[in-house]
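*Asks:* Grabbed the feature section from TrEMBL, which reads as follows:
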| type | residues | note |
| --- | --- | --- |
| REGION | 1-25 | region 'Disordered' |
| DOMAIN | 34-118 | domain 'RRM' |
| REGION | 124-154 | region 'Disordered' |
| COMPBIAS | 134-144 | compositional bias 'Basic and acidic residues' |
| REGION | 166-225 | region 'Disordered' |
| COMPBIAS | 183-202 | compositional bias 'Basic and acidic residues' |
| COMPBIAS | 214-225 | compositional bias 'Basic and acidic residues' |
Amino acid sequence: MAHVVQPLDQPSNYKDSQARVDRKRQNEMLSNSTTLYIGNLSFFTTEEQIYELFSKCANAADGGGIKRIIMGLDRNTRTPCGFCFVEYYTHTEALASMRYVSGTKLDERIIRCDLDLGYKEGRQFGRGKSGGQVRDEHRQDYDPGRGGWGAQAQRLEVERRRAVEERYADAQDGPGAVAGGGEDWKEIETSEGKLKRGRSPEDEGDNARMGQRTRTDEVAEVDRM
């Protein structure tokens, strides 16, 4: 059955595109590597959580343990962007983490572990155009653990909102625009504390004409008497 079940402690076919080594040399380096690349992390996972999980595969009795953890950062904001490097003292510990930790949940996310050629300064920064990881540039789903929508989806939403605002502005300034309400319809507070509509000049004219008709009717009634 050994040829049927794939070993869990074998590295994937991933190859760092910026590594200037051929495939043969890469395999030799991975066979002795003590560094793991950890992917699919939440942006909110802390270094302490990572240390607690991966120290379960450390073997301090044989001189091992976690040497250091390098958190992956957004190149522009310097905030975590979903990956890290875990460096052990021995190759055996790195293989144990691939066997027992890769595929498990951390912060409700299934994380992925892979042997790495070794950390070099500058690799802690995301390689996406917006500063984060490339995979988040093209992600179309909503993932709260990875900052919400992907960068591409966020740009499309911003462009959509800008287009709507421009159309709305054109409708406000163009012909046939609806005028705002007049000043005659302001509500005022009466002595009883109730609100009513304020009088307009037209109301004053109507009341004057109404008063004039009332006085005329009174004079006519007196003449009949």
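Residue numbering: from 1, along the chain as shown.
Glycine is no exception: its Cβ is also placed from the backbone N, Cα and C atoms.
Unlike curated entries, TrEMBL annotations are predicted automatically.
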*Asks:* Looking only at the region 'Disordered' (124-154), how are its residues distributed among DSSP helix, strand and coil?
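*Replies:* Across the region 'Disordered' (124-154), DSSP assigns the residues as follows: 12 helix, 3 strand, 16 coil.
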*Asks:* State the residues, same chain only, that lie 6 or more residues beyond the ends of the region 'Disordered' (124-154) and have a CB under 8 A from a CB inside it; answer 'none' if no residue qualifies.
*Replies:* 42-44, 70-77, 81-83, 85, 107-109
